[in-house]
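Following: one structure in structure tokens, then a few remarks.
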């Protein structure tokens, strides 16, 4: 059997004898070389790749031959002489592994120890825990329980019948019957009554002092209000007098300004009129003087009237014109 024509298919098996190691077809039941029968120890062979064949070799146009094989894991095409894939190192012929479902960890399920446990009918389990069926029930017989209860009751009675002479139980009664003459029990009542009286007196004194202080505080407040009202009235009267004096001074200033305005209105006309000595002018002056010596109210009314002011100005102008004509 030449190596060129040797092809491994699925199901072929290897002889379990290490010296032989012959690869047999899947249909053989015994080794073809040593004659040893096929057993469960015989490992199955698996092809890691398949030959591409003549058709694919022709399509490659001389790049690959018909004996070249294609890897099943990475689909790489390898030469026929390679026993492993050039890309993923998958063997061309590999041993078929048994599918046991194990994870493949260290010593997994190889030497598993199964401890056989027998369920006992005892009260406690192997870990020392009380079983559920015995938790709410009394395990011992009723006679044992009664004996235990009797012993406990006897022990309590013995404790009660012990001598109590060593304990001084009557000391409290002796203390209650002791003489109380050394204690002044009535003094506390008298002190309480005295304290109450002193408190009442202090309260009455504080109230009277409070009323006096309030009356005193009210009297200066009333005097203050009176002084304030007086100061306000005096200030109002002063302000009124000041306003009247200001009005009078203003009226006097306005009168003097009107007089000065009249005197300075026509200086040339006055010069002309002074040169002319007319009897009419003298009469007017005498009339104005007599009016000035009279009542001030009449003088104010005459000075304020615009018609008379206009007449006097026209008269002065006529006198000036007459004097100028005489000079000519």
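The backbone N, Cα and C atoms fix where each Cβ goes, and this holds for glycine too.
Within the chain, the zinc finger (9-40) has long-range Cβ neighbours (under 8 A, six or more residues past its boundaries) at 46-47, 93, 95-96. Per Swiss-Prot, the feature zinc finger maps to 9-40 (among others).
Sequence annotations record features per position, and here Swiss-Prot assigns phosphoserine to 9 (among others).
The 10 Å shell around the Cβ of residue 18 (N6-acetyllysine) contains 6 further Cβ atoms across the protein chains shown. The N6-acetyllysine annotation in Swiss-Prot covers 18 (among others), and the record cites similarity to another entry as its basis.
In the three-state DSSP scheme, residue 54 (N6-acetyllysine) is classed as helix. The N6-acetyllysine feature in Swiss-Prot is assigned to 54 (among others).
Marked as zinc finger by Swiss-Prot on the basis of sequence analysis: 65-94 (among others). Outside the zinc finger (65-94) by six or more residues, the chain places 4, 8, 23, 45-54, 57 with a CB less than 8 A from a CB of the stretch.
Taken from Swiss-Prot, the feature N6-acetyllysine covers 92 (among others), and the record attributes it to similarity to another entry. According to DSSP, residue 92 (N6-acetyllysine) sits in a coil region rather than a helix or strand.
Annotation comment: Swiss-Prot describes 117-328 as region 'Disordered'.
The Cβ neighbour count for residue 120 (phosphoserine), using a 10 Å radius over every protein chain in view, is 10. In three-state terms derived from DSSP, residue 120 (phosphoserine) belongs to neither a helical nor a strand segment and is classed as coil. The phosphoserine feature in Swiss-Prot is assigned to 120 (among others).
Annotation comment: Swiss-Prot describes 150-163 as compositional bias 'Acidic residues'.
The region 'Required for nuclear targeting' annotation in Swiss-Prot covers 151-328, and the record cites similarity to another entry as its basis.
As annotated by Swiss-Prot, phosphoserine applies to 153 (among others). Secondary structure at residue 153 (phosphoserine), taken from DSSP and collapsed to helix, strand or coil, is helix. For residue 153 (phosphoserine), no same-chain residue that is 6 or more apart in sequence has a Cβ closer than 8 Å to its Cβ.
Sequence annotations record features per position, and here Swiss-Prot assigns phosphoserine to 181 (among others) based on similarity to another entry.
The phosphoserine annotation in Swiss-Prot covers 188 (among others) and is backed by similarity to another entry.
Following the DSSP three-state reduction, the secondary structure of residue 193 (phosphoserine) is helix. The phosphoserine annotation in Swiss-Prot covers 193 (among others) and rests on similarity to another entry.
Taken from Swiss-Prot, the feature compositional bias 'Basic residues' applies to 196-210 (among others).
Annotation source Swiss-Prot lists compositional bias 'Low complexity' at 211-224 (among others).
One residue stands out among the modified residues 54, 92 for having the most other Cβ atoms within 10 Å of its Cβ: 92.
Secondary structure from DSSP puts residue 18 (N6-acetyllysine) in coil. In this chain, none of the residues that are 6 or more apart from residue 193 (phosphoserine) has a CB less than 8 Å from its CB. When Cα-Cα distances from residue 120 (phosphoserine) are compared across the modified residues 18, 54, 92, the shortest belongs to 18. Geometry remark: residue 54 (N6-acetyllysine) versus residue 18 (N6-acetyllysine), CA distance 37 Å.
You'll find the Cα of residue 92 (N6-acetyllysine) roughly 21 Å from the Cα of residue 18 (N6-acetyllysine).
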